[in-house]
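S.K.: Below is the structure I would like to discuss, written out as structure tokens.
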């Protein structure tokens, strides 16, 4: 129990060289491109799920917004597979790093906002000032809406980081408590083990839900600007 609680969040290295890039590239192996005319059941299921999710994401978009379909489906597949692989024992989850999540959120948010100001300048500026605002409140509301606009990518990144990190910490704490209680009170250890099992199932769901929420919010930002 002397292990650092945050040891699993430290970036792994080999000979002092960080291997995060290698870890990030691993999920791409799980989604191979079909090379046969008749695909396997697993590939067919994978393509069906991708089409289902893509249809849900693109339902609200215009033709211009649908040009982002490849980007959005790649994003949800990457985050979801990374979160699931991070639940394996002795693994590292890149999405627990705020820097990486900001690296995904800021460019996507900036691209959506720039697209809006480029193609729908008046409507994008109108979002900074609600209709019917009293003249005296205009400067304050413009500042508030501008700040809220720039907070959006931070909220995206912090939401993903906090949910994934909290789940890993909780599993670590309950797992350590179960290990200690095994020699003290087997009955209590059995109860904590059941709780740990249920929490693990919940974390599998959270891993997929957070990937969907992150991508959905990016999609909504894009919808507001196209």
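Each Cβ is built from the backbone N, Cα and C atoms, and glycine gets one as well.
What TrEMBL records for 6-31, 68-92, 98-117, 129-151, 157-181, 193-222 is transmembrane segment.
Map the listed features onto the structure and describe their local environment.
M.R.: Here the transmembrane segment (68-92) has Cβ contacts under 8 Å with residues 8-9, 11-12, 20, 23-24, 26-27, 30-31, 50, 53-54, 57-58, 61, 104, 108, 160, 164, 168, 200, 203-204, 206-208, 210-212, 214-215, 218-219, 222 of the same chain, all six or more residues outside its ends.
Same-chain residues lying 6 or more positions outside the transmembrane segment (193-222) and placing a CB less than 8 Å from one of its CB atoms are 53, 57, 60-61, 65, 68, 72, 75-76, 79-80, 83-84, 86-87, 95, 104-105, 108-109, 112-113, 115, 152, 156, 159-160, 163-164, 167-168, 170-171, 174-175, 178.
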S.K.: Quickly jot the same-chain residues contacting the transmembrane segment (98-117) by Cβ under 8 Å, restricted to those at least six beyond its ends, or write none.
M.R.: 20, 64, 71, 75, 79, 123-125, 149, 152-154, 156-158, 160-161, 214, 218, 221-222, 224-226
